[in-house]
């Protein structure tokens, strides 16, 4: 998405003073959520664009505390030599609130030129090289000679379809990124893995792209959470059928974007294994171009988050979850260039099946997934 196009839909905003010598000029909104909006900004004395994560509802001290926690975690991971290249560079906290909580509070960080993986895929992966669409047009002339074709075939390329080889490369990049973050210390549980939270750091000079992980707002450190305890809790929890599973009061630990969550995460039990499941669903979403369960009739029209989570969990337990092998774009890896990319198809399909196993004890780790794709 071009910045020019984005500006047309953004209400005019006044600049706000950073110091007596510098001002921040918002260019456009590039993301928003329940607690913050993300703006692309230009700062007078800085020669490059930055991102401002501007907090909403700043009168709530928990929002301010959460912002500081996120910035601190992002800075700690960025300073870790094992994963510094996988985290957007945090710049500094911006506190311009007055005593009445009016003003701006948030933090500035690096702007990744490629945007989110979801947006990047639609541009960089749009390719006419492999995908063709054939349309057969029947002739209206019933008296045509039997030796001539009664229909004609028009072959064209659909520019909105994606190059499956490039999409595969993006998926490998996300696996490598998350593995780098997971193997560093502190051990991170992200809790909201999805295509929007993987960013593409694109170098306009070298043309190299690096996948980085963003939005640590609800992330946790796995120092007090044992993966084995999550496995035991999930194994002993009530894995009931849809007929006996009833909606209950919303658990604040059930967080993130629900359609990417594993069964145990939908019960509030998060770990790196549940993030691995979300990574599998993220791979599916990039190939499909939409969120998992987007076409599920069971979930259509549900507004209540608790009911949605319950029915989603039941669908997964009943084996009704989406399959990567059902994606037309993904299956095309088997046929393009005479089957040259069939090994890629088999590898990514194995990884997807491993990452999205319902049984957390049998689920493939992100590190194992990385070893498999290599």
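Cβ coordinates come from backbone N, Cα and C, glycine included.
Curation does not apply to TrEMBL; its annotations are automatic.
For reference, TrEMBL has these:
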type	residues	note
BINDING	53	ATP binding site
DOMAIN	24-374	domain 'Protein kinase'
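Annotation for residue 53 (ATP binding site): spatial neighbours 36, 37, 38, 67, 70, 106, 107, 109, criterion Cβ-Cβ under 8 Å with sequence separation of six or more. Within the model, the domain 'Protein kinase' (24-374) carries an average pLDDT of 85.
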